[in-house]
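Novice: Here's a structure for you.
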Ligand code: HEM
Ligand SMILES: [Cu+2]
Ligand SMILES: [Cu+2]
């Protein structure tokens, strides 16, 4: 009999497994679209119409950074809370309800996007994952996103519920570190999603249903980025959680400092949201002063990441020394590089450090003219979310999947090759994307080959850059194939008694060293809200004042679809208390639309 | 809370780095004067750009200073190409008629989002002549990738903002006179001294004119059809590098012609 997660929490293991499998499905779809667009935009192999490229890109963006990342997150967080509080969820049906909401939301948004490929279906949502108005998607898309987000809210409530129940029984205990990380991340998420929820529920959804005529494009865009920056930390926080609490363990050591880990997460909670305007450095209609504030906040947001870098490296070093490593740098050799879980997470961390450099450039307000919306940015976030997050998730899956299925990993060598391939593929793809961005090559473009001019490279050539991007993309796709082979191989294996114990790393400097105020979540929430109000109230007021709440008179693109009117009718009929319960509403309209 | 000495050093170094970054950016804004796109322009109504924003155009506003009013819409930029002289300072005003676009001059740091209802402005200096591509780098619809334009920075001595137009009859009755009304518009602030050359048949007439800054000068050439004789006569009007041309037909009897053929090319 082993001591794996599934042995202790069989019911919760099913939930975590379902979340992971959903996320992998999204990763598989996203990966297919990823390689299609890589080959298309580099003009190496084109088999879709360029007009369909944007449907592919929407699907890639949404499946990767909404579905894949967030489904994985809810799996990790459920595991983290139950493991660290050492108690199951309060009510497993409640837990399944948010899995259900998130799934339905994904299916709705996914159907709306993919229907864009089929001309005979009058539904489309080729608006990319940023859905800037006046580009308009089918209401199904917005409804799906809402349901998905509501699902994550309910998930957060579930984890808070566990913590409250635990606190009653352990009134004086410190919040265990993994739970602390989950709770601070979720508070950040509640604050952040207010922006996108307002944007969709007040403006975009009613507009797509034809209930309001127009929207203010700058306002909905600003509300999107109110959410759009913190969402990148939402992707990153589970990876940080794993680097802090699992990586030291895989390295054979302990977490360097529990208190500083808490400080890091508190800083993320405080600073993640009041920076969103740094995505709008080049937007007209926003005063330079507001951009400056966002810039300084962004720079200070580097601090918790620097902190993380230190703590993680120090913890790994401790692990290496426990394993007999010595010397200034030669301890590196004593690390378990043949363990795919460790190797994958460490390589992810390495590329994340590289991403730090391009990130600092992005944060520079006036340097942004050079790189904004160029392929540089795509290079940057394939290092962050596409590697730091995605590779960490894939690597740690080699530990998690056995924990939640009770089966041994199918093949460790394949796993090791897989993570190394991802590292190599991303190095090729992102390095050349950064370079292509610097010569002005745009992102989000099906055919960046223009008739009136040529891009000028200082070193190399456009052809060489494209070849590297495509090579990287192909290696990444291979890596994904190996990943799924391993997951499927494992899923079809048989139960094993020979699994590692569930658990996470202890700390060298434990929570007793952490000032109690760090655990005062109410205080941090209040400060976070105040910071958001300071950063956003004036810009938002000024935007509404300039352009009006519903903006100027512009038509939606593409012009209203037939089925929208039908759906509007259906929604009006089904719920006069319309948005009161988005959940039931979508349940009811879904079959109508598909029929 | 005990913080390891190394960690303290690291934290202080990180903070210094952060403050250093902020200082650098601030220096870029204040010291080098790299202004951000901001909210200094009034908003416009995208459906009424003719009134709020005017025609897409380039204006000469001061010595070596120009303003380019650019409209982005799916999937073009206007004017195209945008022409300005070398050794000039150009302020771009860019707005959108429909969705969000960008206005990005490849190989320069001229790059801005273009949002309907808002006007983006930025000023750039062009020391040398050259041709640049302009692209839209924000997804704006199915043919986003075809959205491109040109910025031509022409040598200073080849640059002008002259426009020539000619109004004339296509046909004239033998024995009658007809007039050619020539208008020369000068968009620059300085006066334009030039010659209007009119050619018809074997006749060449020249006229010296002075068009003051930002105005239009008209002049008229009168032709006697008897001298030309019946038939088609090609004509051209030339001002500097600009040329207008056409054909004048001298007919026996205007009324009859019209009844028979009715092929007035109007
Ligand atoms: C097989 C691996 C992958 C390949 C080949 C790939 C390729 C690409 C390419 C070429 C683009 C740029 C398209 C354009 O701007 O025209 C892109 C965009 C993007 N990718 Fe990936 N990618 C991969 C994996 C990932 C992963 C793992 C993530 C995140 C978890 C991710 C997130 C994104 C996002 C958010 C965009 C931007 C979408 C937009 O601009 O709306 N990608 N990808
Ligand atoms: Cu951001
Ligand atoms: Cu575009």
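For all residues, glycine too, the Cβ spot is worked out from N, Cα and C.
Checked TrEMBL, it gives:
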type	residues	note
DOMAIN	A:20-485	domain 'Cytochrome oxidase subunit I profile'
TRANSMEM	A:18-39	transmembrane segment
TRANSMEM	A:59-82	transmembrane segment
TRANSMEM	A:94-118	transmembrane segment
TRANSMEM	A:138-160	transmembrane segment
TRANSMEM	A:180-204	transmembrane segment
TRANSMEM	A:224-247	transmembrane segment
TRANSMEM	A:259-279	transmembrane segment
TRANSMEM	A:341-361	transmembrane segment
TRANSMEM	A:381-401	transmembrane segment
TRANSMEM	A:413-433	transmembrane segment
TRANSMEM	A:469-492	transmembrane segment
TRANSMEM	A:523-544	transmembrane segment
Novice: With pairs restricted to those 6 or more apart in sequence, evaluate whether the transmembrane segment (A:469-492) and the transmembrane segment (A:18-39) have 3+ C-beta pairs under 8 Å.
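Specialist: Result for the transmembrane segment (A:469-492) with the transmembrane segment (A:18-39) is yes.
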Novice: State the non-local partners of the transmembrane segment (A:381-401) in its own chain: residues 6+ outside its ends, Cβ under 8 Å from one of its Cβ atoms.
Specialist: 16-17, 20, 23-24, 27, 64-65, 68-69, 72, 75-76, 79, 232, 235-236, 238-239, 242-243, 246, 250, 340-345, 347-349, 351-352, 354-355, 358-359, 407, 409, 412, 415, 418-419, 422-423, 426, 429-430, 433, 483, 486-487, 490-491, 500
Novice: Per the definition of 3+ C-beta pairs under 8 A with sequence separation of 6 or more, do the transmembrane segment (A:341-361) and the transmembrane segment (A:224-247) touch?
Specialist: yes
Novice: At least three Cβ pairs under 8 Å linking the transmembrane segment (A:180-204) and the transmembrane segment (A:18-39), pairs spaced 6 or more in sequence?
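Specialist: They do not touch: fewer than three Cβ pairs between the two stretches lie under 8 Å.
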Novice: Given a Cβ distance threshold of under 8 angstroms, which distant residues of the chain, six or more beyond its ends, lie next to the transmembrane segment (A:224-247)?
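Specialist: Residues 65, 69-70, 72-73, 76-77, 80, 130-132, 177-178, 181-182, 185, 188-189, 191-196, 199, 255, 261, 264-265, 268, 272-273, 275-280, 308, 311-312, 315-316, 342, 345-346, 348-349, 381, 384-385, 388-389, 392-393, 396, 399, 504-505, 536 contact the transmembrane segment (A:224-247) from elsewhere in the chain.
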Novice: Looking only at the domain 'Cytochrome oxidase subunit I profile' (A:20-485), what is the mean pLDDT?
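Specialist: Computed over the domain 'Cytochrome oxidase subunit I profile' (A:20-485), the mean pLDDT is 94 on the 0 to 100 scale.
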